[in-house]
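The next block holds one structure in the form of structure tokens; read it before the comments.
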Amino acid sequence: IFYPIWCVVCLIQLVLHWAQNNADYVIPLYCFDPRHYLRTHSYGFPKTGPYRLQFLLESLKDLRQTLKKKGSNLVVRKGNPEDVVRDLITQLRSVVAVAFHEEATKEELDVEKALQQVCTQHGVKIQTFWASTLYHRDDLPFSSISRLPDVYTQFRKAVEAQAKVRPTLQMADQLKPLPPGVEDGCIPVPEEFGQKDPVTDPRTAFPCSGGETQALMRLQHYLWDTNLVTSYKETRNGLIGIDYSTKFAPWLALGCISPRYIYEQIRKYEKERTANQSTYWVIFELLWRDYFRFVALKYGTRIFLLKGLQDKEVPWKKDPKLFDAWKEGRTGIPFVDANMRELAATGFMSNRGRQNVASFLTKDLGLDWRMGAEWFEYLLVDYDVCSNYGNWLYSAGVGNDPRENRKFNMMKQGLDYDSNGDYVRLWVPEIQCVKGGEIHAPWALSSASLSQAGIALGETYPLPVVLAREWSRHINQKTVSTMKGREDPSYTPKQLKDRGVDFYFSRNKDVS
């Protein structure tokens, strides 16, 4: 009995556990679907950029090694999954089932439908599993997905009170082998996709590799080795370094680690060491990840539409010059530019940075939010379709539970979270000689100060592409010298700790 398995990279324990008990042979299969390497729908950026591709290749190599140690192997193919599976069914002649994890958005659902058609034509059973969320879809305390609340807090309270997280499954020590005659196939190199291995920037906040092995090491480090989890709520809005946040997202996005396993480890840590707001906050964010996936199930393709979930008309602009300035970090707004340059150079950006650059694109520049969403899709190493589009919808004011005219003040945000300007200096070296928090508004400096810092606005550093009226309240007011608390960019000022997980999820109206 042969069971080809088309699956998310490493989150295969559930499928393998089932197949172990129902098969003589099992084929763990990963397909490099060429559609993943085409262009984004609206603005034609590459769908998969160099950082995520490298992370994927590392993850597959790690998965292959894990499977080999257990008597199996990872079969790798290039092609549409429905075509690859058809070829395997034809070649082996005795395949009785194909198993895979279910996804939430249209392109993936289209592939699932095509697979089902292939299997039906050949008399092969389909076995699917839902395993990518903390709470199982079938365990939600709502009569149907259409009854999912449109307010996160209502969702969170309901699942915390009425649902349980299912336990994880252990992978068997010995797995069923591949059937005779099946070649494992080579894991491709970036050049086969027209890309090169990205150079690791020494400034990166995510100097990590793909794969379950690295994911488990990171979890061990963040919880048990350093106890960093106990201060997560205070440090999560940081900007510099690897340890200001969990950094679990890239592994979660590719299925290298299960949210349920993270949950179990957090609960174990709370029982054996300590439980506080920070340990809970990690689970709180896993719930947000769940929520966006369930929102995608509820609304379908509407999460990709310009009008969003509310069918809201907004006169979005499509100015290519403004967009180029934004994506290249040449807006003349140092806090925005620093974040966009970090993304381009590393494939990663802090949560705080993502909130700010999204607000700037949609609210200050008035550009089509899908331009930003698709640019993030291209570059982010931790790109997750549901979280990415859910957050961009929210930032644009056309998503779940939007507040009217919610907007970030770039000057206040920069001074709150990078009060001494260290993060800006790290990524915008052409203005690094400006002292203190004044670096956030170089256009407000005197000619003498600019000259002393070696800056010629419009030449060595751009003039601002836009100036918001509300910024003036935070310029030339000696904010840095009067701020309380540390000036470390990995520190969250005390008065901001309770704002909520971030901009998108805060219930406070005054975020300016």
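Numbering starts at 1 and runs along the chain as it is shown here.
Including glycine, each Cβ sits where the backbone N, Cα and C put it.
If you check TrEMBL, you get these features:
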type: DOMAIN; residues: 1-134; note: domain 'Photolyase/cryptochrome alpha/beta'
type: SIGNAL; residues: 1-19; note: signal peptide
type: BINDING; residues: TYR232, ASP382, TYR383, ASP384; note: FAD binding site
type: SITE; residues: TRP316; note: site 'Electron transfer via tryptophanyl radical'
type: SITE; residues: TRP369; note: site 'Electron transfer via tryptophanyl radical'
type: SITE; residues: TRP392; note: site 'Electron transfer via tryptophanyl radical'
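Locations of recorded TrEMBL features on the structure.
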residue : record                                            : contacts (Cβ under 8 Å, 6+ apart)
TYR232  : FAD binding site                                  : SER245, THR246, SER278, THR279, TRP281, VAL282
TRP316  : site 'Electron transfer via tryptophanyl radical' : LEU306, GLY366, LEU367, ASP368, TRP369
ASP382  : FAD binding site                                  : ALA249, PRO250, LEU252, ALA253, PHE348
TYR383  : FAD binding site                                  : ARG52, ALA253, PHE376, GLU377
ASP384  : FAD binding site                                  : ALA249, LEU252, ALA253, ARG289, PHE292
TRP392  : site 'Electron transfer via tryptophanyl radical' : ALA358, TRP369, ARG370, GLY372, ALA373, PHE376, GLY399
Item to complete: Average the pLDDT scores across the domain 'Photolyase/cryptochrome alpha/beta' (1-134) and report the rounded value.
Response: 89
Worksheet, complete the sentence: Taking DSSP H, G, I as helix and E, B as strand, the domain 'Photolyase/cryptochrome alpha/beta' (1-134) contains 60 helix, 30 strand, 44 coil
Discussion item. For a quick check of understanding: given the listed FAD-binding residues TYR232, ASP382, TYR383, ASP384, what is the maximum Cα-Cα distance in angstrom, as an integer?
Written reply: 22
Worksheet item: Around TRP369 (site 'Electron transfer via tryptophanyl radical'), how many other CB atoms lie within 10 A of its CB?
Response: 25
